[in-house]
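Here is the structure we will look at.
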């Protein structure tokens with residue numbers, strides 16, 4: 001099997017100071033990995049390191065067969081929607097088209113194939129009827145789906161999602177989960193961060209427990225145990241959901 | 001309404017304003033969306049010493065070169081300063097702005113024709129633009145429009161979602177430099193006609209006014225262009241009428257800017273009416289609430 005993501009003893013962080021250490025991951029095409037940990041555990045930093053935006057300080061990292069820096073632009077990324085300006089004058093369709101920009105390049109206009117890819121991606125997340133709406137007028141869950149559609153339109157082999165279910169309504173949660181299952185079935189490798197254990201159990205083949213360092217990695221049944229969670233989180237905050 | 005523009009100097013002034021409208025409309029959309037109003041203001045001030053040095057060294061031709069060099073240097077310095085986020089954007093920009101502007105004032109105050117020079121640098125001489133200067137503006141306008149067209153998608157992506165654009169492989173620092181250089185070139189193109197101070201109005205007001213009546217970026221660029229061209233025409237007409245019919249000296253560039261601002265104010269009620277719609281639906285049933 002192709003390895004989409006391989007981390008061996010990796011530490012990541014800013015300005016030479018590690019935020020997260022001892023990360024060992026091996027993710028194959030079509031597999032999904034949930035990064036689970038409390039706020040400030042280093043989940044977003046780990047995702048940004050895969051994207052080549054935060055340096056790997058130690059260990060060996062390979063993303064789609066090359067170094068994260070060399071793989072920059074190859075992996076897809078779905079940011080949290082609340083980081084974006086809701087007043088920005090762009091339509092949902094325009095946002096999804098951004099996923100095609102690298103393919104389109106600097107010069108040529110968008111072709112029929114690009115527009116088709118955008119329409120299909122919006123359809124995959126159940127928002128075909130909202131294409132012309134301004135991004136900021138959509139609900140939080142719908143905005144998150146538009147950002148997922150943008151990533152789908154780029155057709156990445158590895159997709160990273162930062163807390164895709166944060167503040168998302170039930171309908172959008174179902175739509176996102178369905179689209180993610182379609183992606184893994186088609187061979188896309190997924191990494192998603194979450195502090196919702198139910199999401200991790202339902203969607204992920206592998207769970208990586210992090211909090212300043214990696215505490216455990218493996219199938220949900222082996223990692224989402226009281227003992228392992230207590231180890232990673234400390235004694236606080238583990239009682240929820242168990 | 002057309003007759004005043006049969007005078008060659010009025011026709012040249014109008015041609016200059018139309019050229020500026022063609023670039024300032026689209027560029028102002030990015031200035032607005034990237035919230036670069038203050039950076040644009042800074043650029044207009046930092047170009048000022050370049051204008052003075054150029055003028056002292058080479059007269060009116062030197063003015064253009066001086067502005068160009070100062071504009072490009074500022075674009076680079078502002079990009080570098082605001083990049084690492086070690087200093088806040090505002091503080092760094094303000095320091096550069098005031099320092100450079102003071103240098104300009106010191107330089108210009110050494111000249112005997114201090115007051116009239118200062119006035120023309122700050123507020124421009126729209127009515128005395130020459131065909132050669134119009135040609136220069138046209139060349140700069142073409143360069144700016146091509147640069148904007150090439151970078152439009154990347155700049156849009158970076159403006160809307162910096163992290164997403166970086167993840168997609170765009171170099172954010174280079175894109176910021178690109179836009180800063182574009183803004184600098186516009187300021188250089190406009191400096192002789194409307195001066196270093198008033199040019200900032202052409203870069204900020206059109207898109208802000210257009211945003212009141214549209215949610216679409218392309219429409220904002222078109223409306224912004226039409227607003228500048230319209231204000232250019234009406235402002236020139238007003239200053240012509242004021243001076244010929246009523247004997248009042250009304251600076252043409254400031255009439256143009258005042259009319260632009262008036263258009264902005266008139267469009268505010270439209271914005272208020274458009275945004276009076278029901279609030280966005282409140283979301284329930286988040287996984288956390290259910291859990």
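Glycine is no exception: its Cβ is also placed from the backbone N, Cα and C atoms.
Pulled from TrEMBL:
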- B:13-34: transmembrane segment (TRANSMEM)
- B:46-79: transmembrane segment (TRANSMEM)
- B:91-108: transmembrane segment (TRANSMEM)
- B:134-157: transmembrane segment (TRANSMEM)
- B:177-205: transmembrane segment (TRANSMEM)
- B:217-240: transmembrane segment (TRANSMEM)
- B:246-267: transmembrane segment (TRANSMEM)
Query raised in the report: Restricting to the same chain and to residues at least six past its boundaries, which positions have a Cβ under 8 Å from a Cβ of the transmembrane segment (B:177-205)?
Result: 13, 16-17, 19-20, 23-24, 27-28, 30-32, 34, 36-37, 39-41, 43-45, 47-48, 51, 60, 63-64, 67-68, 71-72, 74-76, 78-79, 120-126, 129, 133, 136-137, 140-141, 143-144, 147-148, 151, 155, 227-228, 253-254, 256-257, 260-261, 263-264
Requested in this report: Would you kindly list the residues that approach the transmembrane segment (B:217-240) from elsewhere in its chain, counting only those six or more residues past its ends and only Cβ-Cβ distances under 8 Å?
Outcome: 1, 4-5, 10, 13-14, 17-18, 20-22, 24-26, 28-29, 32-33, 126, 156, 202, 205-207, 209-211, 250-253, 255-260, 263
Query raised in the report: In terms of Cβ proximity under 8 Å, which residues at least six beyond the ends of the transmembrane segment (B:246-267) contact it?
Result: 13, 17, 123-124, 126-127, 193-195, 198, 201-202, 205-206, 208-209, 212-213, 227-228, 230-232, 234-236, 238-239
Query raised in the report: Can you name the far-off residues of the same chain, 6+ from the ends of the transmembrane segment (B:91-108), with a Cβ under 8 Å from a Cβ of it?
Result: 38-39, 41-42, 45-46, 48-49, 51-53, 56, 70, 74, 77-78, 81-82, 114, 117-118, 121
